[in-house]
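The domain 'GH16' annotation in TrEMBL covers 24-218. Look at TrEMBL and you will find 104 tagged as active site, nucleophile. If you look up TrEMBL, you'll see 108 marked as active site, proton donor. Here TrEMBL flags 112 as N-linked glycosylation site.
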């Protein structure tokens, strides 16, 4: 068993507290890394485990989850979203623990009428509480090609990235009383489902079932992350400085500039600026900059 570096000392404390072994995993084979969990064969794995699809029709959607649980790391997945008229559909891709006090880190892609942009909805749940939504338009058509959607989850912060461009940072603000996901291991989940009661223009636009089945595609999963197993008491070290960069690196100056670019030109909702929703003042983490 390896020992944790100083950069993940907080992760080590969590490991010791739960008496569980943590080590690094690399993925890429959907047969090996994921289970199709619902949808009655509407989810499919093919191309020798390199490609996965989820489909939605009037009867049911579909979903999958990772075989392993993770506690900190970088998760990458390439998605190609439902093409054409996807109004009413939601493709969710997220990390989550279990139970009423669960933690969760969300990407949700809200479908739209043909020609209108998808909305990328992000949220962070801590101890069962979310309500930390930020929403974005994308600067490309996510249905024409595969694009990479990534989560960097470390004790200091969570970073959401699209094609390696940071779009959101959620910092650890425990010092001012804001819970942060750091002790509950999470699985990776994805699902394609009907949410036409709210997903498109607040539910005004309904799913056009004549366009079904709706299908999203996944490839090139990678987890440079700590795997939770429950049999030991230490973290394994990363294989190299490059592989372990997620442990120590925050956003550099170019990363901060890209983040500001996305948030200036593509962010369409930020709970931190919604004074109507929070008339008594925005949540305390909103007062902290990245």
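Every residue gets a Cβ built from N, Cα and C, even glycine.
Because TrEMBL annotations are produced automatically, they should be read as predictions rather than curated entries.
Mapped onto this structure are the features recorded in TrEMBL.
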| residue | record | Cβ contacts under 8 Å, 6 or more apart |
| --- | --- | --- |
| 104 | active site, nucleophile | 94, 95, 96, 97, 123, 124, 125, 130, 181, 186 |
| 108 | active site, proton donor | 90, 91, 92, 93, 94, 120, 121, 122, 123 |
| 112 | N-linked glycosylation site | 86, 87, 118, 119, 200, 205 |
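Averaged across the domain 'GH16' (24-218), pLDDT for the predicted model comes to 95.
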